């Protein structure tokens with residue numbers, strides 16, 4: 001991490017990191033010295049107490065023999081001195097202290113304010129960047145044996161020769177087909193064209209016939225509906241006592257058959273009417 005020299009207050013500068021480590025070491029040493037002093041003071045007080053007790057016992061007893069106390073049968077207790085308070089428990093559980101230290105370091109690394117010089121973020125987090133990983137396409141490729149067999153078959157001289165022979169045969173067959181097409185007589189070509197034209201005409205005629213039949217059927221249906229409406233109106237008039245009005249029949253109009261789909265004013269064009277009407 002490159003930090004500007006003017007930002008001396010920054011936590012991650014080398015001087016500040018060294019100062020923190022120096023202060024931590026000094027504090028640990030002072031704590032150790034204080035513990036040693038406490039331990040020595042406790043030992044001295046205990047020694048003085050034991051000496052005073054022994055003096056008192058010796059003075060009280062004098063030359064008289066001590067009375068033997070009856071022994072009480074009980075289980076063996078290895079920690080009797082600690083329970084009675086004769087020996088102070090000043091030891092430290094090293095495993096517990098080591099676990100606490102590791103937990104503290106792990107938490108500080110997660111937070112981010114405990115990083116050693118020359119230590120990358122990947123080493124702290126344990127993650128691997130995408131550019132350091134093996135691409136997935138290499139994992140999905142085929143096995144080495146299959147690749148070797150494919151390479152061998154591709155470089156096999158017999159297979160290469162077969163490919164060349166097949167291409168030569170295809171070329172010769174294609175040239176033969178071209179020659180046969182050129183040798184065809186112009187009469188056959190003319191017949192084929194004539195047949196195609198006839199088929200097209202037949203298709204057009206069929207379409208026109210279908211259109212005419214549909215138009216005729218539609219006209220008949222409309223005429224039938226008109227007649228039915230007229231009859232119904234006359235019947236209702238007779239029931240109500242109204243004299244029905246005779247409607248003059250319209251003159252028949254010639255049927256219009258358009259020769260073109262899009263035509264302006266088709267009823268004025270002569271070619272749309274039959275020949276009998278034009279004459």
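Glycine is treated like the rest: Cβ placed from N, Cα and C.
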The annotated region 'Disordered' range in TrEMBL, which must be one of 20-44, 45-69: 45-69
Range among 110-168, 169-227 that TrEMBL annotates as region 'Disordered': 169-227
